[in-house]
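Shown below is the structure under consideration.
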Amino acid sequence: MGIGCWRNPLLLLIALVLSAKLGHFQRWEGFQQKLMSKKNMNSTLNFFIQSYNNASNDTYLYRVQKLIRSQMQLTTGVEYVVTVKIGRTKCKRNDTSNSSCPLQSKKLRKSLICESLIYTMPWINYFQLWNNSCLEAKHVGRNLG
């Protein structure tokens, strides 16, 4: 069954119809603005802030203040693009009781708006931070947070 089989118009038509049908079923819709389940949201945001704090050189830990936007895309797992407002807390990196750290006030106060791409397979508790960028909140439009 070499190149000669494509000379038959019926075989060519069948191949085109099959590829169109298979392409239809395998097409991913791209990122869509959908609400995350509370469980997925909490685990995804916890993963994000742990990753951020581990990579940060700041003396103090940050915590998520507000989820501004989330979009998701189904692939081999779930990809989330999340935009969050995070704030510097009063807890230092080596603090062990950092579960409920209050935010800094006055001089040490700092807020960031971060947009991140997070890949997850929540059914096996697997997360990966694929991309992250943050800007100081005062440099971002007021409508975000």
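Even glycines carry a Cβ here, placed using N, Cα and C.
As annotated by TrEMBL, signal peptide applies to 1-25. Look at TrEMBL and you will find 26-135 tagged as domain 'Cystatin'.
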Across the domain 'Cystatin' (26-135), what does the mean pLDDT come to, as a whole number?
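So the average pLDDT across the domain 'Cystatin' (26-135) works out to 88.
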By DSSP, what is the split of the domain 'Cystatin' (26-135) into helix, strand and coil residues?
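Grouping H, G, I as helix and E, B as strand yields 25 helix, 53 strand, 32 coil.
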